[in-house]
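> As listed in Swiss-Prot for this protein:
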type	residues	note
BINDING	G10, A11, G12, K13, G14, T15, R123, I132, Y133, G203	ATP binding site
REGION	30-59	region 'NMP'
BINDING	T31, R36, G57, L58, V59, G85, F86, P87, R88, Q92, R156, R167	AMP binding site
REGION	122-159	region 'LID'
Amino acid sequence: MRIIMLGAPGAGKGTQAQFITERFEIPQISTGDMLRAAVKAESELGLQVKEVMASGGLVSDDIIIALIEERIQQPDCKNGFLLDGFPRTIPQAEALKDQGIAIDYVVEISVEDEEIVSRLSGRRVHEGSGRIYHVKYDPPKVEGKDDETGEALIQREDDKEETVRKRLKIYHEQTAPLVGFYQSWAEKAPADAPRYVRVEGVGSLDSIRDQILSQLK
């Protein structure tokens, strides 16, 4: 079971990816983790990554594809894998296709922008413990205060509405077109293309999980 997950930041990809990887006993392959592991291992690719990162540059798609090819040869990928955070753009998706890296399913978790803004901008955090609240869905007993310590809660920079909207804008410009790429591929060459699964990411975690798993055969 070889899977790519798509969805805007805050759509709930991480939680659902965990359900999928446990159900099918496959690893979740994060590009960030792969890059860090390659640098640590000081492999040939790792040294290239280290050089690029040290200069403040972006690691090329070619290097990331090579790392993915290397990673999916590992024994824990014998049942498949779930790609997290890649591809993000159409050129990356085309590179993955050109290298012949087979994908069985592309799973999109679809959530309206305003719902995502509400989810993320409503989060409040207790810095000392990392406890997370939500002003609407999981409020503290006393507004703005941690339940355990009574200390003030903060809103992280990443959760501020302006930041969330910027992240969504980037997602719609770069990653959302992948939906069309994979749908079009499935229409033109259904035998070769990954099967496209789209699920509304609103409702209970269990119901979203069940919708996804029912379509992954």
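If you go along the chain as it appears here, the first residue is 1 and each next one adds 1.
The backbone N, Cα and C atoms fix where each Cβ goes, and this holds for glycine too.
Quantities reported herein were computed from a predicted structural model and do not represent experimental measurements.
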> How many whole Å apart are the CA atoms of Y133 (ATP binding site) and T31 (AMP binding site)?
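Here the two Cα atoms lie 29 Å apart.
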> Round to a whole number and give the Cα-to-Cα distance in Å for the pair R156 (AMP binding site) and G12 (ATP binding site).
18
> How do the residues of the region 'LID' (122-159) split into helix, strand and coil according to DSSP?
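Within the region 'LID' (122-159) the tally stands at 3 helix, 10 strand, 25 coil.
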> These are the binding-site residues: R88, R123, R156. Which one scores highest on other Cβ atoms within 10 Å?
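Highest number of other Cβ atoms within 10 Å: R123.
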> C-alpha of V59 (AMP binding site) to C-alpha of R123 (ATP binding site): distance in Å?
32
> Roughly how many Å lie between the Cα atoms of G12 (ATP binding site) and G57 (AMP binding site), rounded to a whole value?
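Cα of G12 (ATP binding site) to Cα of G57 (AMP binding site) measures 29 Å after rounding.
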> If you run through the region 'NMP' (30-59) with DSSP, how many residues end up as helix, strand and coil?
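Taking each residue of the region 'NMP' (30-59) in turn, the totals are 22 helix, 1 strand, 7 coil.
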> Over the region 'LID' (122-159), what is the model's mean pLDDT?
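Computed over the region 'LID' (122-159), the mean pLDDT is 96 on the 0 to 100 scale.
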> Looking at the binding-site residues G10, G12, G14, G57, which one has the fewest other Cβ atoms within 10 Å of its own Cβ?
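Least crowded of the binding-site residues G10, G12, G14, G57, by Cβ count within 10 Å, is G57.
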